[in-house]
């Protein structure tokens, strides 16, 4: 909505333009009228719409043609004033003033016009009969107001309608020639209907209508008022009411009726509540609310975000099979301008046996978006109507910003639930297969239905009895690490082909260049263990290299099996990411059991000492 309104008064000499302005300001008819009034600003707090309003007079005798064109260009709305007692001033509306204001403008860019019939105190009847053909000819005319500067009749109403024409314009909503909603308005209202239809049955029930009414206007409708609304729709449409609820056609008809009856501010209130601007586009303030992400922190969905998304999943799972089919997913995204997820989705998250998107996979995908691209996540939650449907100020309340990673390392603990693992290795080392194995897919299953490749996979892993999300990001062997942030992650997985004598040297080089002096835990993985092992190029063996650099020995891995691949390596990666402050070697099995044995020995020693003290006291 515009932050201020600029009203320009035009018309023939002596029609009373200046008198109208002075009558509004002085609240009395001026005895002496100057040729032209100075520009007047009405403060926001004294206007009905709480918007500052500038009123500009025009005098043909004092201003040039160029000055007039400048004022027209600055105006938000033009009031063309005529004398109800002089038909010549009415004729000039058609032949002079409207062509001057909007002659070269296209329909969508025309300035709204209010026709003002002044000096109604001098005429018994009305000029509306003569004015109506002009209003029908020019669609930019919002309304016509008959008034009297002398009697102060309809003066404030005149400027209210002028304000309204700017703040709640008809032109973007309604085509008066076709007598129907414009396509952009119809699309916006259809989206609003679909968001408000919380059980996805294509009907707004009384409860849904009242929730909608309260959300937009602050109060629910009284039961009788609700029945009256449905009765009006039922009488005027063939399919507007169904099962005692409002259909989409009924909802669109109701808004058309508001506009036709001059109550387009009602439709604008609805549109603006759902984030639309004057061009019927969702505003940046709505889609991208202010959100600060400090360096070293990450973003995760919180319980509010997950609850909201789970409700929407269940709403669109029409057959209640616990998965979204392609058609159901398309319906889910019908409130978006375009489909935000491509076919690579099915190689990014877990799917059902039939290849459909499960609830688990659905929530994993949203977790991935929230972590990798928080701006896009906010945008998507905005399209889904999160602030309105969750009764929150903005979609930022569906997200949590984690503590800075540096502090986690200092304190030796973290509250984070999502971790990023970069998977690095030479071409052909098995990185893509490793990512797909994380989704439970063996090499045979991957070959049967390859699908669209994805550089990411995400799944959940249990770490010390807690569920964590682990994101695997496959880094191409051709990737150039130009800055430290390119290698940044929570854990690095360096994968090499056990059967390729040159494969390990690539991983060793990457480790020494980018990870050796960092605090990022690293895990080496020897892939394709089902193939004969090849001797690596001269130098340290993989096991010796890991020992030298205080790393756990390479983990042996193969996804060439009949059943789903093993998950131990992914648990190991998630554990390393969760506890980066521990020495990586401590993640090895031998070290773990050594610590268990030491702990048991210490416990036994304390117990024995305590026994001796107690025995002595006896």
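Including glycine, each Cβ sits where the backbone N, Cα and C put it.
Residues annotated as topological domain 'Cytoplasmic' in Swiss-Prot: 1-591.
If you look up Swiss-Prot, you'll see 2-168 marked as domain 'Miro 1', on the strength of sequence analysis.
Remote same-chain residues near the domain 'EF-hand 1' (184-219) are listed as 172-174, 226, 242-248, 251-252, 255, 267, 269-271, 273-274, 276, 279-280, 315-316, 318, 331, 334-335, 384-385, 388-389, 391 (criterion: CB distance under 8 Å, separation of at least six residues from the stretch ends). Among the features that Swiss-Prot reports, domain 'EF-hand 1' is placed at 184-219.
The Ca(2+) 2 binding site annotation in Swiss-Prot covers 317, 319, 321, 328. Taken residue by residue with DSSP, residue 328 (Ca(2+) 2 binding site) is part of a helix. Non-local contacts of residue 328 (Ca(2+) 2 binding site) by the CB criterion (under 8 A, 6+ apart in sequence, same chain) comprise 316, 317, 318, 319.
Marked as GTP 2 binding site by Swiss-Prot on the basis of similarity to another entry: 428, 430, 431, 432, 433, 528, 530, 559. Its Cβ taken as reference, residue 428 (GTP 2 binding site) is surrounded by 14 other Cβ atoms within 10 Å in the chains shown. DSSP assigns residue 428 (GTP 2 binding site) to coil, not to a helix or a strand.
Residues near residue 432 (GTP 2 binding site) in space but far in sequence (CB under 8 A, at least 6 apart, same chain), listed by position: 453, 474. The Mg(2+) 2 binding site annotation in Swiss-Prot covers 432, 474.
Among the features that Swiss-Prot reports, topological domain 'Mitochondrial intermembrane' is placed at 615-618.
Residue 319 (Ca(2+) 2 binding site) falls within neither a helix nor a strand when secondary structure is assigned with DSSP, and so counts as coil.
For the pair formed by residue 430 (GTP 2 binding site) and residue 321 (Ca(2+) 2 binding site), distance between Cα atoms is given as 34 Å, rounded to the nearest Å. The DSSP breakdown of the domain 'EF-hand 1' (184-219), given as helix, strand and coil counts, is 25 helix, 1 strand, 10 coil.
Neighbour count (other Cβ atoms within 10 Å of the Cβ, all protein chains): 13 for residue 530 (GTP 2 binding site). Around the Cβ of residue 474 (Mg(2+) 2 binding site), the number of neighbouring Cβ atoms within 10 Å comes to 21. Counting only the Cα atoms, the space from residue 530 (GTP 2 binding site) to residue 321 (Ca(2+) 2 binding site) is about 38 angstrom. Per-residue pLDDT, averaged over the domain 'Miro 1' (2-168), rounds to 91. Counted within 10 Å of its Cβ, the other Cβ atoms near residue 431 (GTP 2 binding site) come to 24, all protein chains included.
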